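Novice: Structure incoming, see below.
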Amino acid sequence: MTQATGDARMPDEESDLLQIKPLGAGQEVGRSCIMLEFKGKKIMLDCGIHPGLSGMDALPYVDLIEADEIDLLFISHFHLDHCGALPWFLMKTSFKGRCFMTHATKAIYRWMLSDYIKISNISTEQMLYTEADLEASMEKIETINFHEERDVMGVRFCAYIAGHVLGAAMFMIEIAGIKILYTGDFSRQEDRHLMAAEVPPMKPDVLITESTYGTHIHEKREDRENRFTSLVQKIVQQGGRCLIPVFALGRAQELLLILDEFWSQNPDLHEIPIYYASSLAKKCMAVYQTYINAMNDRIRRQIAVNNPFVFRHISNLKGIDHFEDIGPCVIMASPGMMQSGLSRELFESWCTDPKNGVIIAGYCVEGTLAKAVLSEPEEITTLSGQKLPLNMSVDYISFSAHTDYQQTSEFIRLLKPTHVVLVHGEQNEMSRLKLALQREYEADASTDIKFYNPRNTHAVDLYFRGEKTAKVMGSLAAKNSEVGSKLSGVLVKRDFKYHLLAPSDLGKYTDMSMSVVTQRQSIPWGSSLSTLELLLDRIGAGCVEVLEAERKLRVFGCIELTVEQKIIVMEWQATHVNDVYADAVLACIMQSELGGTNLKGATKQTKSEDSRFRECLIETLQDTFGDNCVPKMFEGDLLPVTVSGKRAEINLETLAISCAEDDVLRQMLNTTVQKLHQTLVSAL
């Protein structure tokens, strides 16, 4: 198994090559989009945008693929860097495949992207899609339940809980027996409302996993929450405004639960308002209240008493026009990286006052304002181009529900995949993680895991060679076959599985039906049927069978010939063997007609009117079987023969023998007649 450096070879249906190519999230965080190609199937994993870019620049490198060739598209969760380009891809490209996500993801996807459209600080011409495109894309998205197994065009897949955010899923994908697990963003730590990512029950051959935090180790949840609430309390008690930039859905709900509980425990803070500032605030919370059953046991137990998402100390704020900035307060505003929208407006309004503070509570992508302020520059540039001093405090506490090094390593150890492909991580963090994992598993003799960290548009090529086996079914399976014996049937391939069936069983086990093609050939012929029999018998002794009742010949057991009005009509069922026999018969007849075989004398001798043949035949029969074996007088072409009380008849026109009483007698008569016939022909 190797890692390719180029893309010269592309996997097809019969190839053993599995190709994994990041079109986004390759040594970067943002615009997650991973392409899988194996056994002729093409699958896209996520279709996001880059938060630090805008317009077409924010898209994955989808110009390197043909959208109409993609069979399946899986969306892991509703964050913009994983689904932000989906409406554009579904509505503005030639994609004709099927798109899957969980129910909660689909419900939140609509509102998240609606908010993104409204707050995007770019011109209409640069917008990737409109509200109408977003609405239309909903009809093209199918939903899947957790642990529900699906089979589409031979690709089997199942969704598993990923933690991270509500509805986030890992996808286990199986193609031709090879299993690939795509984690998306996941967290192995349970928080206040979400379950931890589960470990799928089967081992994948390939694990495609995020590497956002590289080798970092997260602080304990309790310590993180205490540090967060202490910072918020410090800012508001000194008379400042506390800004917490978040995305409308995801970590926002976790932080709201923490703040509401902390305010309840501290009566001295009750006069200080907390605002959840998002145009989608009410809609978002309605979605969370709907999908309570997708959350952890703590929330499900609490809902029996009261809904934890009906907050006592938090108010919704639709926009800055509805906000009276008259004193200390806490505002959670979107978007999380402050590229535009309400969080950007509030930051620019408050950044000059040292009493105020901003708490960055999630991962920040390079090129965003949130990432820039973490380095605490002396001044910032507003959206209008104005320079403002940065006097407010800046703190970073990671509530981002991504795995740290310990969680990632433990997850790999539990699954024991053969290959691990790292995506969704900055180049340096990803490289450090790869080296750390290699060192850890090199020392473990019980595992042999290979690690990869491809850049965007660079493919990882893996080869999986397996034996192809066919399952014998139907009437073929009912036969008692010995070891080493040969079986003949129709090999049926379906969903990368092979079955061997008798042709008659096709309709029972498949959607196919069997058809028979009968070939018919007409050839000019100037002689009789008996002459034709004599001619064809020269191809091979015993290859000609006379069907007296139908006045036709059967050659090689598969080709039937009749002579009608100086035309030979030849019929056979088309198979590769029968066609060869038919060619031989046709060549023999054509050679005779063209003068290559002299049978004119034979034609005269075999006519029923020829008295010499009759006389010779009667004399021969009497010498062989006795004088009384044939009557002294008879009429027509049928000569009756009686031997030891058993009756037979010889057709003097076709030379066919009929004897129902004794097959041995029939064969003896046939030999006598044929030898006499050949002797008379040879004498001419």
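Residue numbers in this text run from 1 along the chain shown.
The backbone N, Cα and C atoms fix where each Cβ goes, glycine too.
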Novice: H419, H424, H458: which one does Swiss-Prot list with D81, H82, D185 for the Zn(2+) 2 site?
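Specialist: Given D81, H82, D185 bind Zn(2+) 2 in Swiss-Prot, the matching entry from H419, H424, H458 is H424.
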Novice: From H103, H164, grab the residue that Swiss-Prot records in the same Zn(2+) 1 site as H77, H79, D185.
Specialist: H164
Novice: Quick one: of H77, D81, H82, which binding-site residues lie within 10 angstroms of H402 (active site, proton donor), measuring between C-alpha atoms? Sequence order, please.
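Specialist: Near H402 (active site, proton donor), where near means Cα within 10 Å, there are no binding-site residues at all.
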Novice: Return only the integer: C-alpha distance in Å from H79 (Zn(2+) 1 binding site) to H424 (Zn(2+) 2 binding site).
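Specialist: About 13 Å separate the Cα atoms of these two residues.
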Novice: Using a 10 Å radius around its CB, how many other CB atoms surround H164 (Zn(2+) 1 binding site)?
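Specialist: The Cβ of H164 (Zn(2+) 1 binding site) has 29 Cβ neighbours within 10 Å.
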Novice: Give me the CA-CA distance between D81 (Zn(2+) 2 binding site) and D185 (Zn(2+) 1 binding site), in Å, as a whole number.
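Specialist: Each residue's Cα considered, D81 (Zn(2+) 2 binding site) and D185 (Zn(2+) 1 binding site) end up 10 Å apart.
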Novice: Would you find the one among the binding-site residues D81, D185 whose Cβ has the most company, meaning other Cβ atoms within 10 Å?
Specialist: D185
